[in-house]
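Working notes, structure below.
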Amino acid sequence: MHNLFSSFHLPRIKPLLPLLLLLLLLLLLLLLLGVLLLLLLLLLLLLLLLLLLLLYYYYYYYYYYYYYYYYYYYYYYYYYYYYYYYYYYYYYYYYYYYYYDYYYMLLLLLLLLLLLLLLLLLLLLLLLLLLLLLLPPPPPPPLLLLLQLLLLLLLLLLLLLLLLLLLLLLQLTNYCYCYYYYYYYYYYYYYYYYYYYSYYYYYYYYYYYYYYYYYYYYYYYYYYYYYYYYYYY
């Protein structure tokens, strides 16, 4: 039975081994090419997003400083418009922090996707090196040493990439927690600030109202006093 198997099946499989190995190498090369194309597209998307963020920051700082001086100039001459601009200023900062957090989270997610693609690329390269090392014709000693060094380098890169992935995941979880904590803190701070500001504003208004009322009262009293004084005099 052993002689029958070796004489019948093995001659049929042996001519196909190089073709199968060649097809496997071509499949690995196609996978590597696809991963490289995905990495290139992701890098272009990151560059485009960074460009949009730079343009947004430029527009924000220009608009902020222009609006800052205009706001205080307008507030100095037209005090009763203060509430309108205060609400506008508050909502502007609210939307600014919202979109900033959105873009920052998107950047972190894109970096996470980039690291995952690099991890896949490293795994494919490791598989390709293992296939080259385990092929029946062993490579010559210089090439074998070079392949072994490359394999060690890829393993170190893999460990470093796993560490970066862990740090990025920790950053994402920490950022989500801090974002929601500071968001609620910011909301309640502005709520109480607006409440106390309104209270002091009305107190200030009534204080000046009564001040001017007594001021005119004493003014007329003083005026009539002098009028009668000069009259009787």
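Just so it is clear, glycine is given a Cβ too, placed from its N, Cα and C backbone atoms.
The transmembrane segment feature in TrEMBL is assigned to 15-33, 38-59, 71-90, 102-135, 147-170, 182-202, 214-232.
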Intrachain neighbours beyond the transmembrane segment (38-59), with Cβ under 8 angstroms and 6 or more residues off its ends: 99, 103, 106-107, 110-111, 113-114, 117-118, 121
Sequence-remote partners of the transmembrane segment (147-170) [C-beta within less than 8 Å, at least six residues beyond its ends]: 108, 111-112, 115-116, 118-119, 122-123, 125-126, 129-130, 132-133, 139
